[in-house]
Structure formats: structure tokens, C-alpha cells
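Q: Structure in C-alpha cells, see below.
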């Protein structure tokens, strides 16, 4: 809201100054986790076999929900009413299994009674093998029909997984066993199927990690480079220590939500081997996962990890684990004897569910093999192409265009002497504006090269950037067809040229405000907003001062007619003083502009 108000104030003052009396108005999760609760639509077909939500939590062992049936015996072709009831719940997954082989595939099919609250799922490529919820609203009772197949086993047992909320759920709650009339008695004990624990024991770390062995025994990634997590709270730290055929991983950083890292074949999220440490209820859950494009990570089994431990102290989260270098037969885990780009990210978490990272992930400059020679490496949260894009746009729209506009508006009579056949002010103005166009064109293509196309995740910034680009190209083309001084069309040209240039500058400022917040550039906040606001105020203030000065000078100088000023360039004492003031004002303005530019370029360079 603050930033939008700044834009509105800038637009108001700019237009009030440029055209007196004119006031201008201004512009304006679904987490992809493989779980029952986090699929509001209930499309959980991939969970049919294990019926286990991967929530990084332990399933409850005290069921508070009940499955009942309309009859205890059945024949092939019968339709039996099945009812799930109990305390309010949001999600469920109901199946029928062979009571003598509960690990086998679902048996029979279901028919819906109320399609508003339940839906059929496709399991084992068979439609209707299971039933789930259609929405995350609270429910207390669900009724469906189970259809006995022609090849039914002697005994059928109903199982249901119920999710009250993300971290409260029950897995495979047993229902009644129904049998065919002439089947032998069912003798297998009907003990409750033990919920599968999704949280293996972990121990607490007793002390903070140390960077003393980085480059010697440990392969380390640190941000800021060479920071020490033992001494600096703001240090993001990731280390790998080879121990025979396994690797010990340590990760540390200031986060109240989660820390994560990933191995990637390229600099893009997608098909990556990731590991997440999630803070919840004074505990840290360590979870392997896989990244599928730009969606949230899909949590995997912890079976590949050993010696898990964690520590929370003064807002710093630390976790460690061990995993084998190679994991034959384990899906989604990369072999660690190969070189990868390494991502390090952090962000918020909500009830154990991770949210989008709070800042652009740190990415190593090149691929590394963490089991090779120990190294001490760094990375960047903003890639070179995006840094170059931001730097060129700042130079163009904070410096060259601003000075060029002041030159054309206030210095026509200060530097009117010809240079290479044209007035000096015009030569400077044209050079600065052509430089602006060239820098804008170069900067414009860099994000497309980086993204390999259009970015759909950058909000309004790219749209405004395209408009600025069009204006930046049209302005010099329009100027090339400028009519002679006394041509009747000259007045129309002047207004068109001014209007297009003014619009380009306003939209460019808006684009810069929006672009500074994008994670790809990752400028530190909130000072960036204050600095950009300061630049806008500095420029608008300079124009106001020069406008006031020009008005007061016009009251002192006796002007016979416009032609006399343009042709004779008669100088009075007042005019000479006025020109001197403008020169001083321009020098001060340039110094201020360069200062603001250095501030932004320094911030970009240190990312």
C-alpha cells in the first residue's frame, strides 16, 4: 500500500508540474503435496495403494470415526450400503480389500449416493475402486454403495483414511468384515491395522554447526560468503562431509518456517532432488522431496535418511542427516557422485505445510560434486542476466533519460550555440535519448533469454516493460520526422513527442517499483522502496525548482517577442544570473542522480 501511494503521489506531482491544473489518477496455495487433505478436490488416486497422506506427521492411533454396513453377508452382484461417520472431518479415502490380504488391491466398486460430497476414484486403472471427498468442507457422515464383483473373495474388509486437518489424520481405520454365505469362518485377527508412522525418531543437536572445516573436510555453501553459523545468526549454511559411502549433511539459517536445498541438473526448478527441514510445534521435521516444476515439492519417504537431528535457537533452524552416496532402487534420489547445481532456499510454513520461498533461492555459480574435493563456494540469489537487466534499466531511466529531459526543457537558451551544425543542448539531448533507447533495448531482451520466453510469474512488471520498450523505440523514430521549426505541424509534433516521453517515464518508474520486488532481482528491502521514492522526489523537486526559477526570471527579463529570444539571444544581467543558477542546479542534480544510481548498482552487484 505504501508503494502504491508513492506512485500516486509521483504521478500527481509530475502532472501538476508539467500541466498546471491537471490531476492524474493511478493504476493497480493450493499446495501440491501428495496428500488427502491438500487436495481440496479429492483427486487422490495416487494414494490408493498405501492410503497414507504424506504430511510429515504421525498418523493418530485412536480412531474416532466408524465404518458401518447395511448387511454382514453378501453375494456377487449385491449392493451394500457403507456409512462413514464420526466427528467432523474434511477428507477421506474409502476402499474395500480382501480381508485375508489387506495389502492387495481394492475389491469391487462403489456407487455414489451423494455426488456433492463424495466421488469415485480410479485405482489400479479401474474406475470406482475407491471413494474420496469432493471438497474440504467439514462432514460428519458419508454414505455410498459397494458393489460386490462376480469374483469376490470370501471375506471383505472396509478400510478408510480420515483427515480432520493437515496434521490430524487416521490411516486405514478398519471397518467390519462381511462374508459370503457359505464361506468358512474368518479367523484372521481383526486387530486394528497399525497406522504407518511418518515421523521416525530424531535426536536434538547439542551445539551449533561450525564452518572451521569448510574447504578442508567439508564442502560448504555459505551466504554471505565465508560466514560462520556458529558466530553469525544471519548465516545461511549448507555443508556436505563424506564418510566412506555416505554423506553427512548440515543445514542452518535464520528461519521460523523451513530451510531446504536441492540438487539440480540446471538452474531451473523441476525434476530435482530436494530436502526440507520444516519447523512446527517446536519440532523440526526432516523430509526428502522432489520438485516438479514451479509447484510445491512432493514429499517422499524418509527411508533413505539416517541419523536425523535438529536444533532451534534464537530464531535459527539447524538440521542434519546422513544418506548414502548411491541409493539403488530408490526413486527421485540422485547419486551424489555427480556434479549438480545446488539450490538453498528458506520460507514460511503453515501448520507444517511449506509456502513459497521468501526470497529467490541461492544457486551455486556452477555445478559441483559434493563428494569430491572439499570446497568453500558461494552462490547468488540473482543470476547475471537479471542483474544486467536491472542495472541497464536503472542507468537508462534514472540517469540518461532524466538528464536528457531537463536539458531539452530548461537549457535551450543556456547552451544554444551550435555544435556540429546543431545547438549544443540538442546534441546532448539527442545523445542521451538515443543512449536510453539502446540501453532499454539491450535490457529488454535479457529476461527473455533468461526465462526462455515470457514470464507468467512476474505480475504487471513485464507488461509495463513492454509498453516502455514500445515508447522508447517510437520516440527516436518520431523525432527523425520532426517538422521544421515554423512548420504548422511542429506544434502537433511537440505535444506528441512530449506526451509519449512523459508517459514512458511514468510507466518506467512504475515498472521499476514493481520490478524491485521480484525475487529474481532480490534487492534488500524495505530500503529499496525508500531509495526509489527518494529518487522520484529528487527529480520532481528539481523540476519544480527549475520551473519556479524560470517563472521568476521571466518576470525580470523584458521579452519583446519570442523571435528575439530565439534568434538574437540577448543577454541581460538577469539572464546571465539565471543561466548560472541552472548550471549549478544541473550539476547538483547530476551528483544526486549518480548517488542514487550507485546505491542501486551496488546493491545489485552484491547479490
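Backbone N, Cα and C atoms are what each Cβ position is placed from, and that goes for glycine too.
Caution: TrEMBL annotation is automatic and unverified by curators.
What TrEMBL records for this protein is below:
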type	residues	note
DOMAIN	29-195	domain 'Reelin'
DOMAIN	232-347	domain 'DOMON'
DOMAIN	351-549	domain 'Cytochrome b561'
TRANSMEM	391-411	transmembrane segment
TRANSMEM	432-450	transmembrane segment
TRANSMEM	462-481	transmembrane segment
TRANSMEM	502-521	transmembrane segment
TRANSMEM	584-604	transmembrane segment
Q: For the transmembrane segment (432-450), which stretch among 391-411, 462-481, 502-521, 584-604 has the most Cβ pairs under 8 A?
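A: Stretch with maximum Cβ contacts: 391-411.
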Q: Name the range, of those listed as 462-481, 502-521, 584-604, that has the largest tally of Cβ pairs under 8 Å with the transmembrane segment (391-411).
A: 584-604
Q: Near the transmembrane segment (462-481), which same-chain residues lie under 8 Å Cβ to Cβ, leaving out any that are not at least 6 residues past its ends?
A: 397, 430, 433-434, 436-437, 440-441, 444, 447, 454-455, 493, 496-497, 500-501, 503-504, 507-508, 510-511, 514-515
Q: Please list, for the domain 'DOMON' (232-347), how many residues fall into helix, strand and coil according to DSSP.
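A: Grouping H, G, I as helix and E, B as strand yields 3 helix, 69 strand, 44 coil.
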